[in-house]
Amino acid sequence: MEGIAQTQAAERPGGMEGFVADWSSDQRVFKNVSWGKAMMWIFLLSDTFVFGCFLLAYMTVRMSTTVAWPNPSEVFALEIFGTHMPLILIAIMTFVLITSSGTMAMAVNFGYRRDRRRTALMLVVTAIFGALFVGMQAFEWTKLIHEGVRPWGNPWGAEQFGSAFFMITGFHGTHVTIGVIFLLIVARKVWRGDYDTGRPGFFTSRGGRYEIVEITGLYWHFVDLVWVFIFALFYLW
Amino acid sequence: MAHAADVHAGHGAAVHAPVAQEVGQQHPIRLYLVVWIWLFVLSTFSYLVDFFHLQGLLRWSLILAFMMLKAGLIVAVFMHMKWERLALGYAILVPPVAVLIFVAIMVLEADNTLLSRLQFFSRAPG
């Protein structure tokens, strides 16, 4: 079945003609994409709406308040070796997450080359960067809570700042944490050779494929993608 | 890593006997590294926007431009959307337009709320 579908997909028209033909045909829509990948994309689309609504709620409260909004550049500034660096922690967190996205892309690449060891290694490195990010976020939360930021108020201005901050970064941090767990599980499976031997999974009782590394990667890159928007719209704006 | 790039044989190349399910995304590592460097550069630029205290329209347009460039690179290359068929691309990338429409609606709503607050709840009526 799969084999036939793949062959058909290779012969199908491309471009707009292909777009119409794929959607109008009385079969599966996503021709050369496995169900696992298609479902991950659809999940990510739903997650886009969740984060989209958070950011949009933040925009609404920030635009409608008559009280001045705290300046994120100063709120997230740190004293490093006696130098005052605005927003430095957030910048480092951004670089850490981008680096983890890079190592994730490497893992996917090695996975399709069936390079078991390097794939597992890159997945673990990605997970370490992810954990580092969550750690820095925990530090940031601790610092802000000590300075008196609460979901209902803060010392610098509009009360909505705290609720928007904790909601958006908290939800994103949860995503990163889940991603790290997800990465470690997949790394273990790759290291053990599950995707070479077709060893049945604990949860699905079905053999996995190296494509699972790419699907995990989609989730991880999405987490990085969301951070791009949070960084621009919450921290820099 | 240079030797590994030679293995690149385009879309859907399987290293071993082509099992139907193993249609993967194989691209040269060099491409990922170039995108990675660009993401670093663009992030640095967005940080510098804040560092040099750029204000007003220039600040917002630069922030949004760097944001969209980074998002585009991640989705297109890291998430392989560039090489997927249009049927998947449109199914995923078109629905978020609804969020933008929602943004437009809430901009009007927020302005309305702000004007009401200024007019009726202002401590020092002007």
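Heads up, the Cβ atoms here are built off N, Cα and C, so glycines get one too.
Since the structure is predicted, the reported quantities are computational estimates derived from the model, not experimental observations.
As recorded in TrEMBL, the features of this protein are as follows:
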type	residues	note
TRANSMEM	A:38-61	transmembrane segment
DOMAIN	A:40-237	domain 'Heme-copper oxidase subunit III family profile'
TRANSMEM	A:81-108	transmembrane segment
TRANSMEM	A:120-141	transmembrane segment
TRANSMEM	A:161-186	transmembrane segment
TRANSMEM	A:218-236	transmembrane segment
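Below 8 angstroms of C-beta separation, residues 72-74, 118-119, 122-123, 125-126, 129-130, 132-133, 136-137, 139-140, 176, 213-214, 216-217, 220-221, 223-224, 227, 231, 235-236 of the same chain, each at least six residues beyond the ends of the transmembrane segment (A:81-108), sit close to that stretch. In the predicted structure, the domain 'Heme-copper oxidase subunit III family profile' (A:40-237) carries a mean pLDDT of 92.
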